[in-house]
Amino acid sequence: MRSYSLIAPAKINLYLEILGDHLSGEIPQPDGFHEMVMVLQSVSLTDQIDLRASGTDAIRVHCTHPQVPNDASNLAYKAAALMVKRFPDCFARYGGVEITIHKQIPVGAGLAGGSSNAAAVLVGLDLLWELGLTRDELQELGAVLGSDVPFCIAGGTALATGRGEQLDVLPALPNLYVVLAKYRSLSVSTAWAYTTYRQTFGDSYVRRSDDLEERRQHVHASPMLTAIAQRDGTKIGQRLRNDLEKVVLPEHPQVLQLREAFQQAKPLGTMMSGSGPTVFALAESQTHAEQIQAQVKGAIANSDLEFWIAKFNPSGIQIVE
Ligand code: ATP
């Protein structure tokens with residue numbers, strides 16, 4: 001039986017700006033789609049996904065992490081089900097697949113762990129079924145599963161607009177280090193964060209211009225993109241932004257405290273990732289990262305707090321065997 005193992009990296013948001021709650025010309029969507037400008041960065045905190053042609057006619061998912069479902073609600077399962085639907089002849093020829101997820105990326109953490117797992121299944125089934133899909137074709141499939149999935153396929157550094165699924169590759173960044181921290185027992189629902197943001201700040205964006213060109217100029221004038229073009233880690237650190245902090249930090253005082261402790265530790269910059277509750281800090285070296293981690297651990301002595309030190313990852317899904 002053929003098998004593949006793939007490495008699926010987490011991402012952080014270097015920039016997350018919410019422009020509005022509908023795309024130009026569209027009626028506001030009750031299910032919470034927002035028009036976004038994001039800068040996404042892969043990091044070297046990864047899951048491993050093993051795929052094996054099972055010879056049965058079923059998709060099966062195994063993951064021992066208590067918060068990850070092993071049924072059809074798992075994003076990796078959904079990715080395989082989408083491939084079965086799109087390529088029924090391959091499914092008939094090769095049969096079902098066993099998907100084993102070795103989870104290291106914290107769950108419900110704003111690090112796109114589930115999306116990255118789904119991206120790995122798309123890439124892996126393309127190989128297992130000898131489809132030869134292009135990256136664009138894989139990303140189109142990924143967009144059906146979730147707006148972070150297309151980014152997770154290609155990885156590296158990218159500007160994401162629209163609902164987050166329209167990607168422009170950005171120049172690879174200097175090899176910065178990232179210290180990540182999260183309270184083990186805390187997770188934040190992405191849907192809750194966006195709904196609360198809309199309820200609280202919706203008045204300020206529903207009247208935005210519908211002029212697409214004006215919005216495009218707004219995106220490209222972003223100081224963060226200038227800092228990235230200059231590959232300047234210090235400026236990147238100063239220009240981090242995440243609009244969702246405005247709803248998540250007041251709701252979770254311990255995340256606010258963590259964010260403040262990171263700030264005190266003199267990083268290049270610190271921010272919450274995605275809808276949280278993971279907070280990250282950028283560092284210029286391994287030593288700098290270790291100093292930041294030690295200082296935050298000293299400031300908040302709490303055994304529920306987990307830390308990781310990672311590096312910027314220049315790519316997305318990687319095949320290991
Ligand atoms: P994002 O940053 O894309 O919003 P996240 O990092 O906040 O994602 P995930 O770790 O992807 O969140 O998990 C969100 C939810 O999805 C959890 O409730 C989890 O149970 C469920 N889930 C389904 N499939 C997976 C998977 N393969 N890995 C992790 N979580 C999964």
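Residue numbering: from 1, along the chain as shown.
Cβ coordinates are placed from backbone N, Cα and C, and glycine is handled just like the others.
In this view, K11 (active site) is surrounded by 30 other Cβ atoms within 10 Å of its Cβ, with every protein chain counted. What TrEMBL lists as active site is K11 (among others).
Of all Cβ atoms in the shown protein chains, 28 besides its own fall within 10 Å of the Cβ of D148 (active site). According to TrEMBL, the active site annotation covers D148 (among others).
According to TrEMBL, the feature ATP binding site maps to P106, V107, G108, A109, G110, L111, A112, G113, G114, S115, S116. In this structure, S116 (ATP binding site) is part of a helix by DSSP.
Residues or ranges marked as domain 'GHMP kinase N-terminal' by TrEMBL: 74-156.
Annotation source TrEMBL lists domain 'GHMP kinase C-terminal' at 224-297. Mean model confidence for the domain 'GHMP kinase C-terminal' (224-297) is a pLDDT of 96.
Neighbour counts of Cβ atoms within 10 Å were taken for the binding-site residues G108, G110, A112, S116; the minimum is at G108. Annotated ATP site P106, V107, G108, A109, G110, L111, A112, G113, G114, S115, S116; additional same-chain residues within 8 Å of its Cβ mean position, judged by their own Cβ, are A10, I105, G274.
A112 (ATP binding site) sits 6 Å from K11 (active site), taking the C-alpha atoms as the reference points. When each of the binding-site residues P106, G114 is scored by how many other Cβ atoms sit within 10 Å of its Cβ, P106 comes out lowest. If you measure from the Cα atom of G114 (ATP binding site) to that of D148 (active site), you get 9 Å. When the recorded positions K11, A112, D148 are checked against ligand 1, A112, D148 have a Cβ within less than 6 Å of one of its atoms. If you measure from the Cα atom of P106 (ATP binding site) to that of K11 (active site), you get 11 Å.
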